[in-house]
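*Asks:* According to Swiss-Prot, the domain 'tr-type G' annotation covers 11-193. Marked as GTP binding site by Swiss-Prot: 23, 24, 25, 26, 27, 28, 140, 141, 142, 143.
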């Protein structure tokens with residue numbers, strides 16, 4: 001491996017990712033590129049090849065990023081080395097997108113020829129521009145009956161401000177236009193800058209746990225060279241490890257003699273503990289370390305918190321291990337142990353959003369075989385106390401005594417909703433019902449409107465996305481970012497069963513909606529909790545004040561069945577005896593609460609009032 005060869009090779013490297021809104025054909029395009037460059041034989045080819053998680057295939061979304069090396073012989077006769085880094089399109093996985101873009105020089109922007117630009121397309125384009133990437137717009141699905149490539153070309157220029165005159169019309173499904181895209185990558189995406197002779201600097205953009213080889217780092221080499229036998233050092237904590245193997249993905253892992261500047265591949269170095277490596281950290285060589293780390297990623301703060309508890313309490317330690325392994329390549333997942341009187345031992349977890357929460361729950365249940373109970377999600381509130389102190393509260397059961405609270409502030413998001421004109425009314429009505437404040441509205445073209453609202457995050461984590469989809473027949477697209485904290489009239493609502501508070505059912509609610517939400521919940525719980533041998537009152541309370549109540553009637557055995565005719569006082573005596581027995585039972589009996597009860601707090605819905 002002489003330096004000249006390495007420098008020549010570096011000029012032939014092109015690192016790029018594909019960015020798109022959900023369902024605009026990103027994974028299909030990646031499949032076609034793999035086929036065209038003959039990276040994957042037709043025998044191994046399957047739809048959504050890079051979406052290796054079952055969950056990704058079933059939901060038709062990309063959750064984790066994937067990096068792959070391809071060789072392409074261009075029209076100029078030269079062979080180029082492409083690194084394709086696949087990215088998720090959903091708003092909850094923006095962090096994954098920003099990580100993969102940091103490892104690239106170019107991005108292919110896929111826009112659906114029928115649907116045009118959507119909210120998340122915009123969000124991801126801005127991320128790409130922040131990373132100074134060369135953006136190549138392409139217009140996909142031109143074989144659809146509703147396709148209108150010219151309108152979309154105009155939209156790309158007007159809304160994003162990119163020159164779309166050379167945007168390639170493609171159909172990833174039919175394989176049209178793939179070669180033009182590959183040629184554009186060669187011409188327009190710059191080769192990686194970086195110095196082979198400089199000390200090693202490699203950016204960790206993902207990591208996976210292998211039970212035999214420990215933690216395997218996925219890296220982009222920015223400067224220098226790394227090979228088996230080297231001793232690497234993590235720049236964040238100074239820990240050192242001996243490299244056992246380096247290589248690339250095609251999608252299968254293939255060992256190599258070295259990784260040099262511009263390469264995207266993996267390093268295995270028998271790293272045993274998950275905590276020693278952090279995504280966004282810089283790897284360097286121990287004997288000739290780089291003077292400073294690369295600019296990593298901005299740390300993502302979780303927005304939504306929920307309790308996760310194993311249904312079988314013996315699996316508490318398994319759950320901890322599962323969370324640690326998921327955290328390894330999902331740096332945005334945070335968790336800490338917590339206990340609940342109702343649910344026992346579990347963890348309080350922080351997520352980027354509801355889809356993220358959903359995906360983590362499903363991955364734990366599938367990959368680690370642990371059945372879970374999740375509590376209702378909540379957000380982080382700033383609570384200003386009367387003594388001048390400010391505390392952050394993410395768990396409703398930790399809310400301080402209301403008499404000591406001066407004000408409560410909640411997070412608001414700037415929600416950008418793109419929607420066809422005929423649904424604007426429905427969107428505005430929904431946003432207002434969710435305590436949203438109108439900001440602005442502009443027309444993208446004759447038919448589509450971009451509406452911006454400020455909405456409390458707590459309203460969005462409930463069911464905003466589902467409601468938005470159903471009120472616009474699925475045509476709306478939605479993206480949000482945290483904008484500010486605002487003071488709100490919020491109260492903590494407790495649910496009492498049989499006079500006892502159930503901590504896992506507590507939630508924070510706006511004072512205005514407290515009564516109706518309390519009523520909805522007690523009525524729902526009444527339907528869900530099975531009848532007991534004794535009467536069970538369900539109450540919703542704010543502080544000491546009960547705002548709603550519903551009773552589950554007791555199951556009664558007919559004690560009069562064998563008392564034919566006879567004196568009324570005899571019947572009364574039997575009934576009194578039954579009553580006394582029930583009373584005794586109530587004092588010692590506890591109420592079984594099924595899992596649906598916790599979820600019912602989640603799916604509280606205005607429709608339930610009807």
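Here the Cβ of each residue, glycine as well, is placed from N, Cα and C on the backbone.
These figures come from a predicted structure and were not determined experimentally.
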*Asks:* Would you count the other C-beta atoms found within 10 angstroms of the C-beta of residue 140 (GTP binding site) for me?
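*Replies:* Residue 140 (GTP binding site) is surrounded by 29 other Cβ atoms within 10 Å.
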*Asks:* For residue 27 (GTP binding site), name the DSSP secondary structure in the helix/strand/coil scheme.
*Replies:* helix
*Asks:* Count the other Cβ atoms sitting within 10 Å of the Cβ of residue 142 (GTP binding site), across every protein chain shown.
*Replies:* 20
*Asks:* Give the number of CB atoms, excluding that of residue 27 (GTP binding site) itself, located within 10 Å of its CB.
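*Replies:* Step by step: centre on the Cβ of residue 27 (GTP binding site), count other Cβ atoms within 10 Å, giving 23.
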*Asks:* What three-state class does DSSP give residue 140 (GTP binding site)?
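*Replies:* The residue in question, residue 140 (GTP binding site), is strand (DSSP, three-state).
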*Asks:* The domain 'tr-type G' (11-193): mean pLDDT?
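*Replies:* The predicted confidence over the domain 'tr-type G' (11-193), as a mean pLDDT, is 71.
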